[in-house]
Amino acid sequence: MEPNKCPQFPADLEYQSGFGNHFSSEAIAGALPPGQNSPLICPYGLYAEQISGTAFTAPRKLNLRSWLYRIKPSVTHEPFKPRVPSHEKLVSEFNQSNSSANPTQLRWKPVEIPELPTDFIDGLQTVCGAGSSYLRHGYAIHMYTANKSMDNSAFCNADGDFLIVPQKGRLWITTECGRLQVSPGEIVVLPQGFRFAVNLPDGPSRGYVAEIFGTHYQLPDLGPIGANGLAAPRDFLVPTAWFEESSCPGYTIVQKFGGELFTAKQDFSPFNVVAWHGNYAPFKYDLSKFCPYNTVLVDHSDPSINTVLTAPTDKPGVALLDFVIFPPRWLVAEHTFRPPYYHRNCMSEFMGLIYGGYEAKADGFLPGGASLHSCMTPHGPDTKTYEATIARGNEAGPHRIADTMAFMFESCLIPRVCPWALESPLVDDDYYQCWIGLKSHFTREATNGQLSDLAIMKSME
């Protein structure tokens, strides 16, 4: 299907708002059965089908499930068969046979849009990850490039949740719960098990995907921040019910299962859900609505202060994966090196750039590119950024970082890197050079500027 022939979405798509709410939506009034989930005969002759995102006996505050009322149940398909041709660049079981350990700082130039017709599924490639979808613990970071819409097919990820960060081109995503338009500067989460199709109204598209196994994305606790700030629950948008009932001979369901792709044929669209209710559903979020926090006196805040979503582990405060952004904001700290500090982290950090520049890298880190700083690998501002910051001195006034949106996927698990990512011509082999120019400023005697700094600090006591 050509981009200009993809199904049209209305300009004023309606959404429901809230994070973790129990939603209800009907495309036809009265399609939701009153008073129960699975009556003998559902309104309009629909089938009742539950989709569970957690075990039945998960604690109620964590339990995720929705009831879908559909024209035909999703079980109505032929047996799954391995997809031909297979997809050789998707990984969900990270080990020495398919990925390698690499502590070097890595950076990639922007991914190029393919010349051959490529949809979202074929354009998805794993960069790195850790753990196992089979063992229900781990994550995978992918990048995607596509130039054509999905045609008479839908994708289903049985391995985990997708968090998609488009960098170029809008995505029109049809799901069993309804339709979502996702633009660069927004994100979308497609939970495990939901079937969806990706269409490209703008033609060529690319972006990033963080997939998590065995858990789901949550809002971070705010702690001393209080009751408000960061990503507000009301700004998350969930689709409203929408369905199609036309016959679709040869419709293909592509299922990712254990990192491998399987296909099954059916004669109808999976997007035949007339009504649904529950708290397990796809959702999107506009990153421009994020309310960032920052220091107002001294020192650079830890990046965790800008966490949008987190996938927790059993260890308090330790994330399987955090999604952190670096949005437009004011820098006002006094007597402070304002860019991110030099750092060695027990967590591993994968960064991407949606638009603009990044405050710690004067050159080389471009929109659509990426970097990886793994566990305890040193990283920080490049030479140009350091020297320019020092040259401004303590007289630098408030400064607004504008026209930028960088982000980070941060995990407690050490990533293994896929061979095609390491061997890609897009690898920036000279990345390390951005720090080589950092020279020693050490002196055994305090300079006038340092004495002045000490006086300032003393006055603040």
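Cβ from N, Cα, C; glycine included.
Unlike curated records, TrEMBL annotations are generated automatically.
What TrEMBL says about this protein:
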type     : residues               : note
ACT_SITE : His300                 : active site, proton acceptor
BINDING  : His343, Glu349, His379 : Fe cation binding site
BINDING  : Tyr358, His379         : homogentisate binding site
DOMAIN   : 14-287                 : domain 'Homogentisate 1,2-dioxygenase N-terminal'
DOMAIN   : 288-442                : domain 'Homogentisate 1,2-dioxygenase C-terminal'
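Positions of the features from TrEMBL, shown on the structure.
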| residue | record | contacts (Cβ under 8 Å, 6+ apart) |
| --- | --- | --- |
| His300 | active site, proton acceptor | Ala333, Thr336, Phe337, Arg338, Pro339, Pro340, Tyr341 |
| His343 | Fe cation binding site | Pro378, His379, Gly380 |
| Glu349 | Fe cation binding site | Leu372, His373, Ser374, His379, Met408, Phe409, Glu410 |
| Tyr358 | homogentisate binding site | Phe326, Met351, Phe365, Thr404, Ala406 |
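Highlighted in sequence order, Pro340, Arg344, Asn345, His373, Thr377, Pro378, Gly380 have their Cβ within 8 Å of the centre of the Cβ atoms of His343, Glu349, His379, the residues recorded for Fe cation, and are not part of that set.
His379 (Fe cation binding site) has a Cβ environment of 19 other Cβ atoms inside 10 Å.
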